[in-house]
Amino acid sequence: MFYLLGLRLLKYITFRMAYATIFAFLLSLIVGPYIILKLKKLRADQILREDGPKRHLSEKAGIPTMGGILIFFCVFISLVFWSNILNVYFLIMVFVMLGFAFLGFIDDFLKIKKKTSDGLKARFKIYGQIIFSFFSVGILYYFGGEHVSVIYFPFIKSFQIDLGLFYIPFGMFILISASNSFNLTDGLDGLAIGLSIVITGALIIIAYLTSRADFAAYLHIPNIKGSEELVIFLGALLGGSFGFLWFNAYPAKIMMGDTGSLALGAILGMAALILKSEILFSILAGVFIIETMSVIIQVLVYKKTKKRVFKMAPLHHHFEELGWSEMQVVIRFWIIGLIFAIIALSTIKIR
């Protein structure tokens, strides 16, 4: 809204990004207690897995879920004020955010209604993810310009692969994989949101560099016209995420639920697609990929041998079973996530 006023100060990306971040953060602190209280009154409690860590059944009982509502409400309001709402990348990102959040909301609602950890049936969840990812990646492919289907590789300046129409299923795979990986990782207070903050911060840097023709030319990365609005979008997401972490830090007063985790993964995955950072995203999301692989390995090995590789999957529960405290697991995973982000950002210059 402010951007459309045409004020000179609002033309500066860094100014709008800073205030989109601050606005979303402060709004989270203001409306957070009200949303938490409202969810408690509605008895929207987190439904815990019976096969999860036993201490979670007592420690996390009664904590409201659907915290994604808090994140995305604050992000959306901030974006209305600070973004160019006519920018195509802004519209794609909002579509992904609302679509995947809606899917997660249905899943959370069914869990609460049925009082079970089984919400939306897996096949219906996948169908929903396929539909939303197909339309969002399809729109990106149509409006994204001549290089939209090109994959750029770190370390190698001249090596590129143009997938053509196959970029659409490739992009869908990234969105769905990211969405489900974030969902699997959201099991401890502050874990998923803290890692998301690290990735969001890294993507803000990448978005700013790609929006500037001078920096893009110097670093030999694509200059993406219009990607400056991703800086604003991700800034608002950063502020909303910090605000949510304020209440989600141990001991959590609210959990993000599938409303938050499914959408967060898809949002960051879509940002990576727009910024032509698909390969870098696989490094940035290293912790999420490791968590997902731990589940896949556990299931496959157990089916064949009836033995478990890990004491419990996903991997963060394995370390809990080894005796690590919840905060030890969370902070150590944050550190590893930060290292992955540093590695990913360092590859931008090494070409």
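Positions of Cβ are set from backbone N, Cα and C atoms, glycine also.
Computed from a predicted structure; not experimentally measured.
Annotated in Swiss-Prot:
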TRANSMEM  17-37  transmembrane segment
TRANSMEM  62-82  transmembrane segment
TRANSMEM  85-105  transmembrane segment
TRANSMEM  130-150  transmembrane segment
TRANSMEM  158-178  transmembrane segment
TRANSMEM  190-210  transmembrane segment
TRANSMEM  230-250  transmembrane segment
TRANSMEM  254-274  transmembrane segment
TRANSMEM  279-299  transmembrane segment
TRANSMEM  328-348  transmembrane segment
| field | Winner by Cβ pairs under 8 Å against the transmembrane segment (62-82), considering only 130-150, 230-250, 328-348 | value | 230-250
| message | Against the transmembrane segment (190-210), which of these stretches has the most C-beta pairs under 8 Å: 85-105, 158-178, 230-250? | response | 230-250
| Which listed range (17-37, 85-105, 130-150, 158-178) shows the maximal number of Cβ pairs under 8 Å with respect to the transmembrane segment (254-274)? | 85-105
| said: Using a cut-off of under 8 Å between C-beta atoms, tell me which stretch among 17-37, 85-105, 130-150, 158-178 contacts the transmembrane segment (230-250) the most. | reply: 17-37
| Hey, which of 17-37, 85-105, 130-150, 279-299 has the most Cβ-Cβ pairs under 8 Å against the transmembrane segment (158-178)? | 130-150
